[in-house]
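Before any comments, here is the structure.
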Amino acid sequence: MARLADYFVLVAFGPHPRGSGEGQGQILQRFPEKDWEDNPFPQGIELFCQPSGWQLCPERNPPTFFVAVLTDINSERHYCACLTFWEPAEPSQQETTRVEDATEREEEGDEGGQTHLSPTAPAPSAQLFAPKTLVLVSRLDHTEVFRNSLGLIYAIHVEGLNVCLENVIGNLLTCTVPLAGGSQRTISLGAGDRQVIQTPLADSLPVSRCSVALLFRQLGITNVLSLFCAALTEHKVLFLSRSYQRLADACRGLLALLFPLRYSFTYVPILPAQLLEVLSTPTPFIIGVNAAFQAETQELLDVIVADLDGGTVTIPECVHIPPLPEPLQSQTHSVLSMVLDPELELADLAFPPPTTSTSSLKMQDKELRAVFLRLFAQLLQGYRWCLHVVRIHPEPVIRFHKAAFLGQRGLVEDDFLMKVLEGMAFAGFVSERGVPYRPTDLFDELVAHEVARMRADENHPQRVLRHVQELAEQLYKNENPYPAVAMHKVQRPGESSHLRRVPRPFPRLDEGTVQWIVDQAAAKMQGAPPAVKAERRTTVPSGPPMTAILERCSGLHVNSARRLEVVRNCISYVFEGKMLEAKKLLPAVLRALKGRAARRCLAQELHLHVQQNRAVLDHQQFDFVVRMMNCCLQDCTSLDEHGIAAALLPLVTAFCRKLSPGVTQFAYSCVQEHVVWSTPQFWEAMFYGDVQTHIRALYLEPTEDLAPAQEVGEAPSQEDERSALDVASEQRRLWPTLSREKQQELVQKEESTVFSQAIHYANRMSYLLLPLDSSKSRLLRERAGLGDLESASNSLVTNSMAGSVAESYDTESGFEDAETCDVAGAVVRFINRFVDKVCTESGVTSDHLKGLHVMVPDIVQMHIETLEAVQRESRRLPPIQKPKLLRPRLLPGEECVLDGLRVYLLPDGREEGAGGSAGGPALLPAEGAVFLTTYRVIFTGMPTDPLVGEQVVVRSFPVAALTKEKRISVQTPVDQLLQDGLQLRSCTFQLLKMAFDEEVGSDSAELFRKQLHKLRYPPDIRATFAFTLGSAHTPGRPPRVTKDKGPSLRTLSRNLVKNAKKTIGRQHVTRKKYNPPSWEHRGQPPPEDQEDEISVSEELEPSTLTPSSALKPSDRMTMSSLVERACCRDYQRLGLGTLSSSLSRAKSEPFRISPVNRMYAICRSYPGLLIVPQSVQDNALQRVSRCYRQNRFPVVCWRSGRSKAVLLRSGGLHGKGVVGLFKAQNAPSPGQSQADSSSLEQEKYLQAVVSSMPRYADASGRNTLSGFSSAHMGSHGKWGSVRTSGRSSGLGTDVGSRLAGRDALAPPQANGGPPDPGFLRPQRAALYILGDKAQLKGVRSDPLQQWELVPIEVFEARQVKASFKKLLKACVPGCPAAEPSPASFLRSLEDSEWLIQIHKLLQVSVLVVELLDSGSSVLVGLEDGWDITTQVVSLVQLLSDPFYRTLEGFRLLVEKEWLSFGHRFSHRGAHTLAGQSSGFTPVFLQFLDCVHQVHLQFPMEFEFSQFYLKFLGYHHVSRRFRTFLLDSDYERIELGLLYEEKGERRGQVPCRSVWEYVDRLSKRTPVFHNYMYAPEDAEVLRPYSNVSNLKVWDFYTEETLAEGPPYDWELAQGPPEPPEEERSDGGAPQSRRRVVWPCYDSCPRAQPDAISRLLEELQRLETELGQPAERWKDTWDRVKAAQRLEGRPDGRGTPSSLLVSTAPHHRRSLGVYLQEGPVGSTLSLSLDSDQSSGSTTSGSRQAARRSTSTLYSQFQTAESENRSYEGTLYKKGAFMKPWKARWFVLDKTKHQLRYYDHRVDTECKGVIDLAEVEAVAPGTPTMGAPKTVDEKAFFDVKTTRRVYNFCAQDVPSAQQWVDRIQSCLSDA
């Protein structure tokens, strides 16, 4: 029984003591005046009576009632029922308030819905009303009884009833009611009233009335669920409302939802205004505040605000509320909606039932609570299986094994449940409900008996609803045990009674009368026996064992039974000594141990062997067992939620090996490197589990004790069904019946058990925390956890062990003892903290605890001494036999810098090679060594998996390609030990992820890293491999410091420039023009097969030439013999001018070769000779160059042979220049600055470029289409990878907008091609200038339209670099993706934006090609002119000129545009230490990728193969060759790279030029040759450029683990496999089939294409027959010629040959092509694309415009037509080449003169186009001409390009040839 009310208080308005405008509450009377002993009077109650503040009102308000809740220091709640009414204020109160208000002049707002006194509003005579409050204070929550009782007292006062108030209040204070048990009590206060009080059946269940249902109505399902999760996860929750009763109900409802958990933080349903600062508390709370104070809550950053009146919940951004785990979240939501809105289920029915039964509000309230009760039962199902009974007597001590619970439920990663289990509410839940013998309630029954039903009902909503309604009935019955209740009879005041004038204020009560009544009742209570209802205590049922909240079916472990069998077999082999069998199974076991079941199986199997006394192992067995244990532990988290570490803990202290007599090493010394051992929670859970086992054994009968101890989370075994909780329950039941002595004995036994376990665990912890070598600092560095625990467990402790230990190791004192003591001290502190915690919680006496603190240091010290002997003996063990190191194959001249360091090559993020789910053998991890040479980083080794152990794994990359080096800590795949490692990433798309073997010291690893860094970034370019290679074979250049031996390099370069100047002068004086020597690059010898190649140089007369062979040695250092070979050769081929401007023919040439930059005075990054307009003088170029960045002024680099348009390149414009010129609105002033004159010179220069174009020269500067023939407008291009005849080459309406990426009038096609209308506009610019958009912003167009500025947006070098880094990570990821799938690779590839940059480059290039093809010249001047400019102009030339698509032409293109024009290879490749900070920028690689994309779309247009591009991509960063070193020709000359000393090439030396290497290799193998090469004449390529048309280059993704990268040919080509008959085994012939692993084998070698295979076979057969082997090229040429002849006789060749696709006519007539029309994309499938019925009108127009040569190439004619006249003529080769006899064919049909080596040849050596012939005249014999021939037999053919010298066998023949040629010319 308990008092219904403890205190009655009368509180009235009183003035504020500090004189403020507001009043304050004053307690007028309280009863009883003396505090109850068991319940003192709550302080500050007057604040809660008027939460909004005590204020006077101008009118009488109706009475109000609410219940405030106060919490005392013992967490007991006191309910304060407050009934407030208003009485006329006394004059003194009114006057005081008015004076204060007038003084302060503060206007008070309207608060709480009441109108307050304003200082100016009321007249002095106006009546004010003061509040007065009747308060009941009780520890019981009977709101309705309080409302009725206080209402009765108020009614007696207002209505003036003849009832004594003192008697009523006295009866109220003396009324007692039962606490619980479902009893019913009728009470009367002596005023003719009657009230019935019902107590709930179970006091543990909260009473909610309708509060939960109201809360859901106010806020909705989602908001209430958010508040529910917030309260459970300890967030701050604030309710706002204008109603105090609503606030109280909302808080009550939220607490009712939390059952069975009790909220243990600040709980204030109604917070007074004076206490609002409580909201800033750092602890969680649930508080209600009047909505009038909402403004004061705005600044609270971490408070969740629920506005009950507005129905909103506001969650701050900084607050994260973890949601319920799925599927519980969605299930709960759906059930709640069924309860709250039952009509929702029927809304879509065609025939809904006429009526739906809706629950009453009270019943709905219980249904909602039932939903949450089910939710908690599902969340906490099986929690009793994770309780540890630590003590039973004198009081139960229960602990919860959180990790095991989370692991068993499969919710380790769930944030919500983790926070709930860590919260204070759950701690209270365990201590309250974990007790095994206590009264049970509805929740206990639900968890124990209804779990199976809930799981079965999950997918049946109606069954769930039925269960909810059943639970709701029980909850309702608990609150209302007697449904038929007699009605209350209580006097209420009449309506509007508050408005009646009350004759007098509330009277002062007689304290004596009330006290007397209270005393009388107390005396009666003392005499009567206490009516205590006995609690019905029972054993709490545990319920079924827990299951995962969501069954996760993983397909990876479908065959788990087989995996477990493998584990068992392996362990059996180990213990039976079958080590070879065990070794074979070990990799499979280690893979299986990733699964939980296999790890448990391992622990169980090892446990069985320990029980069989088989724990002492030999060395090999010990190593195997330790390795498997380490593998098990490596995936254990610090929580050990699956109990693996717990199961292994007794085993690691059992398995051992004998090192020597008396010295034994246990397994624990080898498994310490795991984080779980340094986690206090793990040790506590282990300790409590073992204590429970021993406590249980203490009380079991001896026969029952035989059963093995149950494992946490497992069901009890059949032998013993009594769990520790059952035993504890039985003992608690018997405890009162035991004698005092027996009780004391049991308490002593339990304490001894706990104490002995504490000693045992102190030993165990020292085993696993002390390292074998206590002087090693690595243990503590890696066990930062030990130190963190010191600071985490006690915030006052600042000297964390990590800090102190690290400090002691950093200071190399040299005292091992001091360091050892530090390790020992750290471990002692860790163990002592553990002992303190567990012993205090387990109730161990202080004496025992002190004894433990004394023992721990001794335990640690003794163990350290034992370990010293173990460590000493373990060092004497013979080392484990490691695999023999495999030596890598080295290049000639490559030397080892660091010999092999043993490492493990680990799998990275690529799936290939790692086996597993990706399939294939597990080539990685591999065990071997890493070698560092002067050229490469090489790993060679063998897989650790013995099933593939015979394969050699090689992974390497050039040192120069290293882009990132990163230290990592990884676990070695064999021993599972944490080791230091390195991750090396290279720009050749290779990754070495290595873990150093334990035998490799940290010093060796650091030395490797430093040496690698030194080789990667040498201080000078001469220290690179390309320079050091072969230096021993060739005499070295004199070093800089030795001046007596020869001039320094700097002197040499000065002499060189000086000699160049002399040579230039001499050439001008003697009117001799510069001519390049024979075709070679930069000091390389002429290839042998190039001597008779046709050369189109523009020499005037052979007699005026200066042969380079006649130059003196000093002159050979001049520019003329060093630099311009590639450039000049190409310029002469293109007909772009001659060196001397004074030659007779030069005046008619539009361009000339200018030597103005011979000394690199104008621009150091340009070549020495440049092409400029004929009319521009050299002295003007200096001024022009000032307008451009880096002085890179516009120079011509290519001219279209058809449209004669030129392509120019330059750097970006400076501010002054064309931009400044066009921006200026006014004419320049008379005193022009130097910049202005430069701008004028620049304008003249551009005008000269425009004037030099034939089609514009006649137009007097006006840009018209006069003279521009329709032939020039015809398309000579090809789209995509299909040849079409139905397209027109269209230019956009606005070229500038198209190049800038804007779609003007014509949108581009879907596949990336430009728009296609045939739209040449009436007037076009002669010159388009492409520049950066930012640079050309706001520039006006040229009014004369001679040139047009085209601003375009291009990427910068830094964007290329950033994109490349992302591409590297996408193609070669360092670690596996979180969700490995093709989509993740494609997503990361897209994020890199690499293909977008390729798309932009191709798009710009194709548009420039169109402009050039239509006759407009283009100047590309982007950035500084050496990166993106180079990419664009190179691509444009490649697409426009078929010559550059040959091996020779591509080499020339790279030499000219990339090397001579100064692309900064060393800067972009970070070749030296100076460039380290800038990093690698793959500009050239990006260009190669673009070429690769074009090659894919036009496979028949390129002479070279895709491998050639990869080869260049690899070696342009490898620094093996000198070709791609340094940033310009100037630097190469300065270093002496462009010449070689006489005699330097004697003997066999390594190739220094990549081109020389390619030439040598091409003679031996067709690897660089494209068999599909079959070009068309004058073909212009227009590739599609959309990202969807682009492919990822396989150079980025392919790998060959068998031999490493295949680009060092000498290394990649291993010895061929012996033929079958030569194999040594003499058994039956084996199959020659073998498995080809794409990531291991080189597929081109393992599966060569048919042509390569046949060529190899041919060479092999020739060798076997003893014949001299024919070169593959000669064989291939003969085969192609034979194929052409096969199709000639009837013109209908059949595809009977292997090479049918190479002949052009076959390719055109037999292929099926896609043909695209100008509108849309029409598909035309035909056998002859030229006679296609789908050809459009525009296609016909275009076909009509074709040049004759293109038309003739499309069909084959009879022999006579093709060969009008033929015979032998002697022809003089190009400059300095001899006369040679050739077979010439005059072809009238094709209007050309072809010549062949021999009459039978089908491949012509050269062609002279008769359209270019200007005259045929008699010639004169020259040096080297045939001696016996008549002088009149010589004649010359003069073309626009050069003069050809011919000699017939006799005079008639010569005359015949002249007549025939003249006849052809006249016929044309």
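Backbone N, Cα and C define each Cβ position, glycine as well.
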**Item:** Candidate annotated in Swiss-Prot as phosphoserine, out of S75, S1053, S1120, S1747
**Value:** S1747
**Request:** Annotation phosphoserine in Swiss-Prot: match it to one of S775, S800, S1121, please.
**Result:** S1121
**Message:** Just to confirm what the record says: which one of K236, K594, K993, K1223 has N6-methyllysine annotated in Swiss-Prot?
**Reply:** K1223
**Item:** From the candidates T840, T1138, T1446, T1722, the one which Swiss-Prot records as phosphothreonine
**Value:** T1138
**DSSP-assigned states of the domain 'dDENN' (339-440) in counts, ordered helix, strand, coil** = 56 helix, 11 strand, 35 coil
**Request:** Mind tallying the domain 'cDENN' (204-337) by DSSP state, helix then strand then coil?
**Result:** 60 helix, 23 strand, 51 coil
